[in-house]
Amino acid sequence: TMWRRSFLLLLLLLGPGAQGKPSPDSGPHGQGRVHQAAPLSEAPHDDAHGNFQYDHEAFLGREVAKEFDQLSPEESQARLGRIVDRMDRAGDGDGWVSLAELRAWIAHTQQRHIRDSVSAAWDTYDTDRDGRVGWEELRNATYGHYAPGEEFHDVEDAETYKKMLARDERRFQAADQDKDSVATREELTAFLHPEEFPHMRDIVITETMEDLDKNKDGYVQVEEYIADLYSEEPGKEEPAWVQTEREQFRDFRDLNKDGRLDSSEVGHWVLPPAQDQPLVEANHLLHESDTDKDGRLSKAEILGNWNMFVGSQATNYGEDLTRHHDEL
């Protein structure tokens, strides 16, 4: 699940023609705050039985892997050859595919859905079509045009909107690494998907702390944690799952056992340490394809093991493939 996004993204999801400002109450709660890296594929990793669907989806992404399954073996191998060239060009261009280049490619394919959402945002917010998105473009497209000093004079909850605007501006500044107040596509991606960027980690934690720390003491108390998940109803008994969350807080969230969460513990909760899945898969593909064991892959080595990297019409997963197709 994606971690809480900017209110800008909410407006985008409503569509470019959406009227009105983002709701002050928008945004997911509870487990929606936690960013867990999605698996590279939902298919079983079952190479031993000749089922390479996991590897295909990890290497190509799920949608492109489906496209390859419709190609002839010859076309599939030809397209794989072009991908090999791209992987090398994106790296050091030495004619070989290194572990780092293979890992970078897999990470790139797995973020295709993020790039697609940013492309949609780009068309919405690059209003002057200069190939960059300035803070003012973002602000005006989201909150409307206001003269200086007159921000939100026409709305009921002006103070809430001012806080939202200040929060978005702070996030934009964190994403704007060259500090020119204009976002490149990469910087806009960091703004819309801060959980994907190490340099945005602090802003994710800060925003979470602000949401939960209602008494502003710099910590998240257990009741503040629960209040983000559950609204107490007078006269009704607290559900069992809420008690389970209290235990989660005590046993797993509160790492130093002082009865509250500091910013470090909040970071461990919402952005938990995760295995580098693209690196694990890259190591696996390299190990299985590196016939001369020199720690890198030639184009010939990859094409020699092409059916592990990509599928074709000759690939047959039987019922498993049919089931996955029917789900889509």
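Cβ coordinates come from backbone N, Cα and C, glycine included.
If you check TrEMBL, you get these features:
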SIGNAL    1-20  signal peptide
DOMAIN    113-148  domain 'EF-hand'
DOMAIN    163-198  domain 'EF-hand'
DOMAIN    200-235  domain 'EF-hand'
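DSSP places the residues of the domain 'EF-hand' (113-148) in helix, strand and coil in these numbers: 22 helix, 2 strand, 12 coil.
The DSSP breakdown of the domain 'EF-hand' (163-198) into helical (H, G, I), extended (E, B) and coil residues amounts to 25 helix, 2 strand, 9 coil. Within the model, the domain 'EF-hand' (200-235) carries an average pLDDT of 95.
Sorting the domain 'EF-hand' (200-235) by DSSP state (H, G, I as helix; E, B as strand; all else coil) yields 19 helix, 2 strand, 15 coil.
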